[in-house]
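A.B. asks: I grabbed these lines from Swiss-Prot:
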- 38, 49, 50, 51, 52, 53, 54, 107, 140, 164, 184: 1D-myo-inositol 3-phosphate binding site (BINDING)
- 44, 45, 52, 258, 263, 316, 338, 346: UDP-N-acetyl-alpha-D-glucosamine binding site (BINDING)
- 325, 326, 328, 352: Mg(2+) binding site (BINDING)
C-alpha cells in the first residue's frame, strides 16, 4: 500500500501493484503522461510556436479526463511566474518544467535542454507511487526524445504524434523560409523507431511516415483531430461583423494563423489585391522566421496599395475566433505544409467556406467544391480566381456550401478523436504487455 498526493492535492492510497497489473490486464489506461516540450497547451494559439498542436493537446486531455482518465501534461516553463503545477480542470494537470532560461530560447535551441527537461519529468514521476503512469504520449519530435527515456524508465508504452515532419516541410519551403536542420530529421527517425505506436492525422501523413522514415504500417493509427462544436458554430454574419467593427456591406476574406512564411499569409494579400473592394482580416502573431520581420505583412499591404482594406488583429480567443469566422465570407488557408489544418475545420464549423492549399491534411479537412475550394500550388492568379469564385457564387449555391461546411465539420468532434485515441492507447498497452513484458498471448 502506498500513499501519495493525487493530481488535485488529495491523499491517494492504493495498492499500486494491483492497479498497474489491472491496467495491463484490461488494456485500459488510468493515468497518461503527456509531453509537450516546446509549447504549452495553455499558450494562445497564433503566438510564438502555439498553434493547432496546442489545441489538440488541451482538448484531448480534457476529453480523456471526462472519461475518468487522469492526464498530466509536461511542458517547459517559459516565465518565472509559471507555477510548477496548474490544475486546468478536474483530472488535468499541467506541469511547467524548468529547463533552461525562461526567455530567449528559440525552438531550435531546445535540444540542448532536453536533458534538463527529462530530469524534471523523472523527478515529478518519482514523487508519485511506483507505476503511477500507464502510458506516455509525446507530441512533436523533441517530446518524443524525452518520451523514449520515460518509456524505458517507467516500463510503459510510448505513443507518439509527430504533428509535422522535417522532410515534408523542407520539400515545400516558402521563398525566404529556413529549412529544418538535419538534427531534427535524425531525432525524428529515432523516435519513429522507438515509439510503440505512432498517431497521425491522416492517411497521407501515414504514407509519409512509411516512405520517409520506414515506419511499420502496423504501428500507425490514423486519428483525425476534432473541433469544439459548442464554440465553433454558425451565427449571424451581420451581428458578428457589428461585434468586430467590420463593414456590413463588403466581402471579407479572413486569414487566421501564425505570421510566418510557412502559413503564406502574403498569398492572401497578393490575391486579394487583385479583387477590388474585398476586405482582408489577418488574425495572428509573428512566429518562426516571421519574427525576423514582424511588420513585414503590414509593409506588404502598403506596397500593394491595400492597407485601407486590411485589418490586422492579434491572436484571438476561441469565442472571438468563432465570431471572426462567422463574420467572414470565406477563410483562406494557403499553407505550404499542413499536417491537418484545424483552422479550416473551425471555420467550416461556423458555416464559412474555406479556400485551402491542396497540401497535407487539408484535402481531408476541406471537401473540394462542396465545403470550399482546394488550390494547387501558390500562384497568386490561381488564388485570386479561387477567392473570386467563392465570393461571387450565387446566393443559393453559397448557402448550400455554408450548410455543407457546417455538416462536414460536425463529423470531426473531439469525442470522435478521443474514441480513436483511446483505441490506440489500448493497442499500445496490449502490444507492450505481450511483446515487452511477456504477459498475455
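One is the number of the first residue shown, and numbering goes on along the chain from there.
Glycine too: its Cβ is placed from the backbone N, Cα and C atoms.
On this model, are these features tucked inside or out on the surface, and what's nearby?
C.D. replies: Residue 52 (1D-myo-inositol 3-phosphate binding site) has a Cβ environment of 22 other Cβ atoms inside 10 Å. In the three-state DSSP reading, residue 52 (1D-myo-inositol 3-phosphate binding site) counts as helix.
Mapped onto three states, the DSSP output places residue 263 (UDP-N-acetyl-alpha-D-glucosamine binding site) in helix. Sequence-distant contacts (6 or more apart, same chain, Cβ under 8 Å) of residue 263 (UDP-N-acetyl-alpha-D-glucosamine binding site) comprise 255, 257, 284, 334, 335, 336.
Cβ contacts within 10 Å of residue 352 (Mg(2+) binding site), excluding its own Cβ and spanning all protein chains shown: 32.
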A.B. asks: What whole-number distance in angstrom separates the two most remote CA atoms of the UDP-N-acetyl-alpha-D-glucosamine-binding residues 44, 45, 52, 258, 263, 316, 338, 346?
C.D. replies: 20
A.B. asks: Just to confirm: which same-chain residues, 6+ apart in sequence, have a Cβ under 8 Å from the Cβ of residue 140 (1D-myo-inositol 3-phosphate binding site)?
C.D. replies: 36, 37, 38, 53, 161, 162, 163, 164
A.B. asks: Please work out the number of neighbouring Cβ atoms within 10 Å of the Cβ of residue 325 (Mg(2+) binding site), leaving out its own Cβ.
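C.D. replies: Its Cβ has 28 other Cβ atoms within 10 Å.
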A.B. asks: List the same-chain residues at least 6 positions away in sequence whose Cβ sits under 8 Å from the Cβ of residue 346 (UDP-N-acetyl-alpha-D-glucosamine binding site), in sequence order, or say none.
C.D. replies: 227, 228, 232, 321, 322, 325, 409
